[in-house]
Amino acid sequence: LEAIGSNFSHLRGKNRHAIIALLSRRNTWLTFCVQRKFATILGGDYVSQDCADTAMAKLMARSFMDLLWDYGVFIVFIIFSTLVPLWGRFFGKKEKTKADYVFGVGTISMGAMMLSIARGTLGVRSFLGYPSELFYRGAAMWETLYGMVTAYPIVCFVFIPVYFNLGVTSVYQYLDLRFNSRLVRCLASGTYVIRSLLNLGVTVYTPTVALNTVIGIPYWASLLGISVISIIFNLLGGLKAAITADVIQGVTMILISFGIIIQSMVSVGGFGKIFTIPAEDGRLNFFNFTGDFTIRVDTTSAWLGQLFMSLSIFGCQQNFVQRYLSMSTFKEVRRTLMSNIPVVIGLFSLAWIVGMGVYSVYAECDPMAAGYINKMDEILPFFVEDKFSYLPGILGLFMASLFNGALSLNVSNLNSLATVTWEDFLSHLPRFKGISDKQQLNIIKFIGSVYGVMVMGVGFAVGLLSGVIESSMLMTSATSGPLLGVFLLAMLVPIANWKGAASGMIISHIITLWITFGSLTIEKEVIHLPTSVESCTNETFSAGIIKPTKSWLLSNTPLEVESDFSYLDSPLTDTHAQQSAPFTFPESLYSVSYMYYSLIGTFITVLVGTLVSYATAHRDDAYDHKLLHPAIYRLSRLLPGKARRYVNNPDIRPKVRTESKVPLDKLEQDNFGFDGKSEAVVVVNEKKVATLEPGIFVVSLSDSTKAAVVEKQNETYRKLDEDLREVRT
């Protein structure tokens, strides 16, 4: 290196370029040995022109000790965040049953559960996406918080009361119980599985791009690392380990966010300027009620769109419902969810305040306009590298938080995906009938490991096929409505049957996907708020910052890491800006903001499902009234007979059908639409002999004189009913 350095200024042409190529591309560890002295000899201008298109160009401008700190902090943090959640596996109470693995063994504190649920609302792309959204587009997307907060009490008082006492492992088991249809259950769970796999593929790929270009970790190594650690979590941890990982990641993101805000305050001269500077430049415009459905986002679309998307996720998605059911009482679930509202408000707003701080620092020198970054979502990593260069290892911690963010989301979803796949698809196969609980647990762990490998494969595909990414983004926005709609049908529409539910979901999927893919045919205008470069000088950024010829965060990849993919992440591509020319049908439909897709899908599912159910209603559609929401069950007594279809105890009903000597029509006429007050009867030789508790039937006794047998059966059924209540509790 000394020999090259002393003679470098005399080299010209291909020889000079070959040495740079050797150092920056061929040998990573050789590049690590390039000291600041040698970087100075190379010259900043020459580096930016000739080797900024490689990941190693950034490394050449940094000292060996800085790199050691970044790598050291990165590795230590990943090891820590992996071992701590798994500590209980080796030194605590171990899961022995499937329920322990799925719902968590031991006690999970309310605080940890709150942070885990709140953490699930903020993905890796949110951490990067919201600050850049505010910087370049303003705070309109911040108003999606209204819909998110509104969704919590609805989930708490509409969805949870139905789920909690059913004793289901998969949330989609509820649909099977309600509609007595494997088709409806598989449609819903299949939608969840496909959407989650595509979502996770982008989630795990997002941090690998930054890791590759900022600290030199290859894409394949990052993907492999996330996948391997996720599989280890899946095999050893379970839900409790996933929640612990969420807590560690949540705390880390909070600390980093506060650090960025404090650094912004120091740079601009006070906390107040973090708010006043963005406000003066038009970044904080709220309460925009335009009434135009084609505008990308205004207050109405932000509120309604996010409300329906949040209801679909918080109320109908396995990884969230799994957390609710892991708590011991409904009162605890209610307290946790309602207490979580201020936590979500704080965490959600924190990312936007970070964006305000970053904008206040770069208000008069936009790094993207100045050519230091090429894409919006590079702004936050650029800020960390620029303003925290005096703190060794801080960039490594920031990158570790991105890595761990993808890891924790992957772990949580693998657990849920494996559970859904087993309960909704595999457990019903004849080959798996009657296997032990321990065997079921091992199968679920194996399925989770397979999904871990599949997610890694999707992640590799993400880096190669941009069409896959676009399709997955569209799939996410289009599938929330049908999924939410079928659950609303099940809980709130007494007449709904499996024919209506399946028809509603299928038609809703077709229409929403048609609108979504049709929107790609519309030419869209990308609108950014104005920025400035008036104050850009050679001393604006720290000495280690160089101007690349290609994006240092997203170079050498076809992927546009946009947050449009996730229901929770701020969209970084204006997919539905106002159009310059009027459209005719169906172009006018294609131009509708994607924020309304979930609302459209939900409305279509409920409308079609209700109409088809009413047209095809049959006594065979009867179900247990406990599968309705309690309030709807009480209100349904005001409906005519055909509009309500349920019996009090479906477990006894098949026996009545096959064994009773009473004509079936007469029995159904007496007990159909049971209101909870009528007396159920013991039927002996087509005569009502004795009364029982509601829902208890004794049938096919051969002789009315056998009163002792009747009394014994009465006692047996009472005891059975008590046992069932205890099991459900």
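Positions of Cβ are set from backbone N, Cα and C atoms, glycine also.
Range 502-522 is the one annotated as transmembrane segment, of 124-144, 502-522 (source: TrEMBL).
Long-range contacts of the transmembrane segment (151-175) within its own chain (CB-CB distance under 8 A, at least 6 residues past either end) are made by residues 98-99, 102, 181, 184-185, 188-189, 192, 306-307, 310-311, 314-318, 321-322, 324-325, 330, 333-334, 337-338, 340-341, 344, 419-420, 423-424, 486-487, 490-492, 501, 626-630, 727-729. Counting Cβ pairs closer than 8 Å to the transmembrane segment (187-205), the top stretch among 217-239, 251-275, 475-495, 502-522 is 475-495.
Away from its own ends, the transmembrane segment (251-275) comes close to residues 77, 81, 115, 122, 127, 284, 347, 350-351, 353-354, 356-358, 360-361, 380, 383-384, 387-388, 394, 397-398, 400-401, 404-405 of its chain (Cβ-Cβ under 8 Å, at least six residues beyond either end).
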